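Data block below; observations after.
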Protein chains: 2
Amino acid sequence: MTVTSKHATLLTPGPIETDDDVLLSMGHPSESHVGPSFARVFGETLTMLRRMLQTSNPDSQPFILAGSGTLGFDQVAANLLEPGDRALVLNCGYWGDAFAECLRIYRIEVDELQAPTVGSQPPVSDIERMLRATKYKAITITHTDTSTGVLSDVKSIAALVHTVSPDTLIIVDGVCSIGCEDLRFDEWQLDIVLGASQKALGAPAGLSIVMASSLAMQIFQQRQTPPGAYYASWKRWVPVMCSYESEPSPKYFATPPCHLIRALHVSLTKILSTSWEERLQQHEVASSKVKDAVADLGLEQICVEPSSQAHSMTAFWLPSGLRSENVLPFLARKGVILARGPQKEIAGQYIRFAHMGISATDSRRTDVDKGISALKEVLTDLRLG
Amino acid sequence: MTVTSKHATLLTPGPIETDDDVLLSMGHPSESHVGPSFARVFGETLTMLRRMLQTSNPDSQPFILAGSGTLGFDQVAANLLEPGDRALVLNCGYWGDAFAECLRIYRIEVDELQAPTVGSQPPVSDIERMLRATKYKAITITHTDTSTGVLSDVKSIAALVHTVSPDTLIIVDGVCSIGCEDLRFDEWQLDIVLGASQKALGAPAGLSIVMASSLAMQIFQQRQTPPGAYYASWKRWVPVMCSYESEPSPKYFATPPCHLIRALHVSLTKILSTSWEERLQQHEVASSKVKDAVADLGLEQICVEPSSQAHSMTAFWLPSGLRSENVLPFLARKGVILARGPQKEIAGQYIRFAHMGISATDSRRTDVDKGISALKEVLTDLRLG
């Protein structure tokens, strides 16, 4: 018997279904956050994060902090950028809005390039025009905007930036893409990828995850003003993270969340035990299955362009007359939890169905099939009823 | 069998020994952070936090965020205070330094009143003089400075502030005192108490906990400038916390750490099932036992004044010639984990022995006795050796 043997199937875009071994790892007795046992676990977790993000540059710097993924925005705004710096935010929805708002709080000058419609993304020609017109210290890209399931082409955008504005730092919000979309830190020459523990990384919520490039760390070291936050200050965290990864005795700033880090350690160990190509393919298969089912039901995705559709989740319009707050409880009664969507203009009119992590990769699980069946049954009942 | 049946006894000032039921609660399957089941748990946890801090004013506002306790400093600096505000920091050591540094990052004008020596606290006459000389928006008090075990007399200092400078907001760092020292939010008219999950609250590390008074919330609502942080912004979190506590459908800002909040729910439920007086007395008994044993060993506490000694932990000088990095491994071999101390001037020369949470309150446990025995044996061996 496992503690998780009986429960509704969670197919929301974070938190996601979590492996029993990951959950049970949190039953570990409390331990000293500076003792050798936890130090080894935290160090290995930081090192695995490098592999997860495909960076082999020893000067890349991983950070794992107690916090929600959103704390990653503050980390960027408070450490990498300085008041008065200019940033270009590529805005595909809710999370683009959020990143822009965060940067402005730290007195960054923000230009937003809005996607022309909900479910689309800013045209490459517009990005190029903006980059040629203004010198930006940084550009932010939401890899998958979890609000609508729009997937940005980070590889192409990064290549464009390197050609047109090579000094501009490339910052990727990978909260809903790390671990389920192709994302190559070194090869694409990214400067920041930020994430969270509770999506395709397969651990519980509560960890803010950041990878900074060698260049990003140089820019940080050379900043003229002190970091704009205390708890999120890399000045404080860099020696701590380095010590856990490479020294026998860890340094201290604030107490790390030992249990969550143990959980992430178990999850990353499992994830990294299969090939990256296989994992991507598993997510593509699960994604296609859900997207095909949605099409079979005569429903349209919020993101209509197939090449811009995330592989981690599917966001789709409900049949006219139905609202998410009415549909979701019927799904819950069938033991399937899907999610409403936070995108303001269309809130209530759509639903999000996630298919990432073990729900996509563990062939013994039937989560996705169960979700599809429940969706079909509920929509059929509601249409007839 | 429990998952925690066999392990070294953890007597560090956070994390502490954690109840099996608290640990096992984190084996709960992943769930939607906006679903009814977790919403109830989070709401009840917020409500229990009110009881824990002895506030019955419905306009007091609790916050529970993913983060270390240190994030509470940022919450105060970014929300309650504004750039240019003046604050008086009562500084008894490492954590006073930290609070002052945090406030300065947010451009608060900080005066520090330093304790005259390590292990002491600023004289009340000096506090009064400072309060009369300058109009401070806020005063910060580290209830127990975990670096040295100095306990501040929050009740008396608060009374002094109310008499001498009634407009000054009273901010208490209760990270190492909530749940183990007398701390009365309403009765003493405190404005902020901040804490963390991994000390006497008995849950794993990873939650930043704040209680703000009705007055503090009014001051926050009236601020002229926007909050100085994004993730820590009360503008974002107030509607979320309110919705979890009192509405059927929770609002969203950033994903709460469901598993840690479940753990805190279990721990608070247990803590609140016994009387507050009994709990305090249990901590006093455990504290006296350790302090007596330390005296029996011919050792002195860092804090010499008995009325200023914390009941949650004991920090004491090692015999001359011995350093913590040499002593602690011998204790670990006997299955007892005590802690080095972070206070710079005396680092290496002292050790911290915590006696809070279930190690003090659960009469079936022998943690404190085990710690005392191991300490006696190791020091005897090292003195002879």
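Here the Cβ of each residue, glycine as well, is placed from N, Cα and C on the backbone.
Feature annotations, courtesy of TrEMBL:
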- B:Arg352: substrate binding site (BINDING)
- B:28-342: domain 'Aminotransferase class V' (DOMAIN)
- B:Lys199: N6-(pyridoxal phosphate)lysine (MOD_RES)
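Cβ packing within 10 Å was compared across the recorded positions B:Lys199, B:Arg352, and the lowest neighbour count falls to B:Arg352.
Taking the C-alpha positions, the distance from B:Arg352 (substrate binding site) to B:Lys199 (N6-(pyridoxal phosphate)lysine) comes to 14 Å.
Here the domain 'Aminotransferase class V' (B:28-342) returns a mean pLDDT of 97 for the predicted model.
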